[in-house]
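According to Swiss-Prot, the protein has these features:
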- Ser335, Leu336, Thr337, His397, Gly398, Thr399: L-ascorbate binding site (BINDING)
- His345, Asp347, His397: Fe cation binding site (BINDING)
Amino acid sequence: MSVALASEYQLVQNAQLPQRWSQSARKSLAILEATARKEATAQMEAAGGSFCGQFPVDPAFKVLSLEYSAPNPDIARAIRRVDSVPNPPLPSHVVAIQSTAVDADLSLAMGVSLTPGRHTSYLVDARALQQSNSAAVAARKADGDKWGPACDEMFRGCRCVTGQEVVFYTAVKEPAGEVEGGEGSLFKPSFDGPAFRPSWGELSGKATGVVACVLQVPIGKETDIICAEYDNLVSKGQFATVDRFGGDHTVNMTGNALIQNDGKAISKGYAVAHRARVTSNVYGKANDVSLQRLAETVWSVVEKRLSFMPAYRDLVITEQGKPFMLGATATNIISLTENQGVMLHLDTDDGVWTIILWFHRHSGIIAGGEFVLPSLGISFQPLDFTIVVFAANTIVHGTRPLQTTGKIIRWGSSHFLRFKDVNALAQLGAAYGVDELDAKQRDQLEEVDAANSKDGVGAARRVASCMAAERKAAIEAQKAACVRGVVMNPCTGRMPSLLFWQVWRKPPALAVRANAVAGKKRAAADVDFCGA
């Protein structure tokens, strides 16, 4: 078992996207990007800023508060910047990719399709990223369970990218394997020396992977479906509530989590996600369809822009795990918060890619509430419909506390893979039958509740304890039979930190020919990530 599992995991670790790069595709995309950048620059100059949503966002300013207006009952739109300060620069380990040719190469190779002329691509020094990640973990420990001076200091140094579409890449010498170390130490060192100006020559033989991507989704049919399904699930009591970080953070949870009627979840704190489904007054096929439709619509919005997501799903989710996903996604849990901040943290028990989205209801002003990725040196205020897709098990992240004026509500929702639950559910499904599992778990909850009503808490606990022992035995038996829902590292019991590496063996031939013709200045602009 261990040899087979290790081999399977190694294949996942070394996974690469199908090659989409070609000279003609690269040239066409580079020309499109160059033209779109000129048009976007002209529009930005005319508007006094980058026009995203309902108002121009000036990149010279860090947005601290925004006003939202709700002309219709669906989504409130951000209409103006209320408060701001000068925007700090990016940290030295994060550099913008100025060359449209290099941007095209990375987009094609990594499966990233952002709006031409409306996005910025960055390359992040892996060694400094690891160090910054560790510093963010230390700041969190210094402040405890509430935002304090250490975390605020990190936020003040972050550059605001509100209203922008951005993608971050990093590079490592060896795509397989993980660094031993403390929290956040998941990257291998890559570039040496104080000057970080990576070029194609320096990337040759190294592996590049996507770390994070921020998307600005236009309001339309898909966002209408998403918001309608959230409304349906909230209004019918589909979500249950759990407190985190000492009760300072309240989260509404739903999805496919392992039943724990003894109160101890396989994924600590997420028993409520399953309880919400099996105790809901509208539990059943219709409600499950609503939950599936929500997850699949969000997934479709993302995979149109990040084509590596379906490949990620197909690699890590086994046949035994598929029945416990929310539709054709790699999501089994959905959380929802209302006007909430959350401390900086890592989600080490989650799958590789987490999707977080925001939308707003009613009118008013929000001060604070920025989403912060300190190791990437960025923060942003969510606008009309902002989505971030990132390696939440690798990159420290959090949301600053916020204050509101008026009736404005900022809904923030996370779609993620809690892989311990998927494994446990797959093993229980193999033991009892996938189709019978929901009914069995619902019956167990009812039996515990009946024991409590008839004979008191002590009797209920004894019944629950027997059920927990039965489940544990079934899980262990199926684990021994090699049943698993997700491919994980057999040594650490966790998922890989990053997936889909593109190893650059040589500079693209087209770039080499263009450089030879254009001269040194043109060569520097076309080959060097940082420009001339």
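Note that Cβ sites are derived from N, Cα and C of the backbone, with glycine treated the same way.
On the structure: features taken from Swiss-Prot.
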| residue | record | CB count, 10 Å |
| --- | --- | --- |
| Ser335 | L-ascorbate binding site | 20 |
| Leu336 | L-ascorbate binding site | 19 |
| Thr337 | L-ascorbate binding site | 18 |
| His345 | Fe cation binding site | 17 |
| Asp347 | Fe cation binding site | 18 |
| His397 | L-ascorbate binding site | 25 |
| Gly398 | L-ascorbate binding site | 24 |
| Thr399 | L-ascorbate binding site | 24 |
Recorded L-ascorbate binding residues, Ser335, Leu336, Thr337, His397, Gly398, Thr399 - maximal Cα separation rounded to whole Å: 16
Secondary structure of Asp347 (Fe cation binding site) (DSSP, helix/strand/coil): coil
Rounded Cα-Cα span from Thr399 (L-ascorbate binding site) to Asp347 (Fe cation binding site), Å: 14
Listed in sequence order, residues not in His345, Asp347, His397 with Cβ within 8 Å of the centre of the Fe cation site Cβ atoms: Val342, Leu344, Leu346, Ala392, Ile395, Val396, Gly398
